[in-house]
Amino acid sequence: MQVTVIGSGYVGTTLAACLADLGHDVTNVDIDEEIVAAIESGVAPIHEAGLDELVAEHGGERLRATTDYDVATRANVVFIALPTPTDAEGRIDTSIITAGAEQLGAALAESEERPLVVVKSTVVPGTTENELIPALERGSGSTVGEAFDVAVNPEFLREGTAVSDFLHPDKVVFGAQHARAYETLNELYAPLFERTDTAVVRTGIREAEMIKYANNAFLASKISLINELGNICKEFGVDAYEVADAIGLDDRIGPQFLRSGVGWGGSCFPKDVAALIAAARDAGYDPELLDAVVGVNDRQPERLLSILDDHVDVNGERVAVLGLAFKSGTDDIRSSRAIPTIEGLLERGATVVGYDPVATENMRAEFPDIEYASSAADALSGATAAVVVTDWDEFAALDEEFDAMARPVVVDGRRIVEPRAGIEYEGLTW
Ligand SMILES: NC(=O)c1ccc[n+]([C@@H]2O[C@H](COP(=O)([O-])OP(=O)(O)OC[C@H]3O[C@@H](n4cnc5c(N)ncnc54)[C@H](O)[C@@H]3O)[C@@H](O)[C@H]2O)c1
Ligand SMILES: O=c1ccn([C@@H]2O[C@H](COP(=O)(O)OP(=O)(O)O[C@H]3O[C@H](CO)[C@@H](O)[C@H](O)[C@H]3O)[C@@H](O)[C@H]2O)c(=O)[nH]1
């Protein structure tokens with residue numbers, strides 16, 4: 001099929017490269033000329049395992065890129081994968097996606113066929129019907145069902161494993177109003193369904209929008225719950241990881257997302273939970289549990305630092321922050337727990353030295369005045385304490401590097417460092 005993907009960030013590039021790999025002719029549209037040039041020359045514009053290979057294989061051939069929305073006139077399916085950030089009050093900011101939909105509508109006015117416009121971005125229930133369809137109609141001067149059809153197909157990939165998640169999903173969700181839209185999506189995903197045993201959820205547009213938020217709210221809540229239980233475990237001298245392993249054996253709970261520690265960050269959980277809370281409140285419902293989920297998450301970095309305070313007064317001392325990315329496997333620092341951790345250390349008068357295998361440059365833009373080390377060993381050398389914020393595998397192998405610390409206090413927010421004789425080790429929830 002002929003596919004256009006509007007927006008070529010984490011989701012749009014992964015989606016386009018994977019669809020090209022499944023045999024479709026795909027064109028990414030982005031306002032960023034560097035991204036367009038990279039894809040056209042077969043280079044992935046973002047770091048994702050397996051993406052380089054796909055873009056190298058299909059870029060410039062079955063995978064193209066352009067800044068011109070008019071390419072959508074040739075498409076059977078047009079995905080919208082534009083950003084949906086939050087505004088100052090936590091509400092979803094639909095200005096970018098609405099403007100993009102209107103521009104797409106104008107291009108679709110010239111379409112010979114009736115393409116299916118598929119909302120891939122994460123949008124709160126009602127957004128497609130109340131904002132995106134009207135924007136497409138304004139742009140095209142036509143109505144939904146006449147010049148184009150609309151569906152919602154939320155994305156569940158994780159950063160760091162985006163390609164593998166896309167090609168081996170637990171489920172795909174098709175939200176639509178008419179059989180024709182389900183059939184088109186089915187045809188598009190058919191090569192993937194032939195390879196994998198994927199659950200397909202056929203549902204309405206609002207339901208599909210809500211499933212995405214419910215998914216993320218549930219996962220964020222699961223982590224905040226295990227963090228709350230972990231904090232309680234700590235009070236009783238109980239190892240929260242032993243408890244998590246045991247409760248995870250219950251099929252109704254499951255073993256994933258039970259790693260307690262310094263909390264959740266990233267480009268999705270904080271933004272999506274905030275948007276769901278704001279949308280619920282606007283609709284007249286007070287989401288107390290989700291408020292608490294955010295509250296627990298916001299407090300974990302300060303708990304990490306208060307454990308550090310019990311060991312050492314860091315005022316005037318060098319403190320290493322191991323890990324700056326919001327999780328391992330990515331250079332993304334958006335809402336990383338390292339940010340409040342560094343802020344708390346600076347408030348205490350510490351001299352902060354950060355280390356991350358890939359996220360240093362991104363954190364430097366956020367905190368230009370702290371020191372950055374080129375290895376964990378350099379960060380630890382001469383430090384009075386270290387706090388561990390990201391679960392990079394290499395931190396598990398640290399050993400004699402701790403001997404170079406002025407005082408080997410290690411407070412671990414991710415259960416990744418191996419405790420050993422000679423270090424003053426304490427975990428956040430164990
Ligand atoms: N990142 C994830 O892991 C993830 C996973 C699932 C869903 N989502 C959702 O997918 C959507 C996209 O997220 P993302 O992380 O890919 O965003 P992103 O910021 O990585 O990428 C967005 C891209 O859109 C481009 N863009 C901005 N305005 C444009 C315009 N008017 N026309 C064309 N291109 C434009 C930007 O240059 C950028 O390349 C969001 O709604 C997000 O919540 C993200
Ligand atoms: O047991 C756990 C698991 C995760 N985390 C933290 O949770 C955050 C999010 O991790 P993860 O879900 O792996 O990364 P994302 O790439 O943000 O993916 C989430 O957000 C995406 C965007 O909406 C969704 O598509 C994915 O399904 C959803 O997992 C990170 O800070 C992790 O360190 C924990 O603290 N403990």
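Even glycines carry a Cβ here, placed using N, Cα and C.
Unlike curated entries, TrEMBL annotations are predicted automatically.
Feature annotation from TrEMBL assigns active site, nucleophile to CYS268. TrEMBL lists ASP30, THR84, THR122, GLU159, LYS271, ARG334 with the feature NAD(+) binding site. Summarising the annotation, TrEMBL assigns substrate binding site to PHE156, LEU157, ARG158, GLU159, LYS212, PHE257, LEU258, ARG259, SER260, GLY261, GLY265, LYS327. The domain 'UDP-glucose/GDP-mannose dehydrogenase C-terminal' annotation in TrEMBL covers 320-419.
Location within the structure of each feature annotated in TrEMBL.
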residue : record                   : contacts (Cβ under 8 Å, 6+ apart)
THR84   : NAD(+) binding site      : ILE92, ASP93, THR94, ILE96, ILE97, SER121, THR122, VAL123, LYS271, ALA275
PHE156  : substrate binding site   : ASP165, PRO169, ASP170, LYS171, LYS212, ASN215
ARG158  : substrate binding site   : ASP165
LEU258  : substrate binding site   : LYS222, ILE226, ALA244, ASP245, ILE247, GLY248
SER260  : substrate binding site   : ILE223, ILE226, ASN227, LEU229, GLY230, ALA240, TYR241, ALA244, ARG415, LEU428, THR429
GLY265  : substrate binding site   : PHE326, LYS327, ARG334, SER335, SER336, ARG337, ILE339
CYS268  : active site, nucleophile : THR122, ASN216
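The average pLDDT the prediction assigns to the domain 'UDP-glucose/GDP-mannose dehydrogenase C-terminal' (320-419) is 97.
Between the listed binding-site residues, namely LYS212, LYS271, ARG334, the fewest other CB atoms within 10 angstroms of a CB are found at ARG334.
Across the residues annotated as binding substrate (PHE156, LEU157, ARG158, GLU159, LYS212, PHE257, LEU258, ARG259, SER260, GLY261, GLY265, LYS327), the widest Cα-Cα separation comes to 25 Å. The Cβ of GLU159 (NAD(+) binding site) lies under 8 Å from the Cβ of TYR10, GLU48, GLY266, SER267, LYS327, GLY329, THR330, ASP332, each on the same chain and at least six residues away in sequence. With a 10 A radius on its CB, ASP30 (NAD(+) binding site) counts 23 other CB atoms from all the protein chains. The Cβ of THR122 (NAD(+) binding site) has 23 other Cβ atoms within 10 Å, all protein chains considered. Largest CA to CA distance in the NAD(+) binding set (ASP30, THR84, THR122, GLU159, LYS271, ARG334): 22 Å, whole number. In the three-state DSSP assignment, the secondary structure recorded for SER260 (substrate binding site) is coil.
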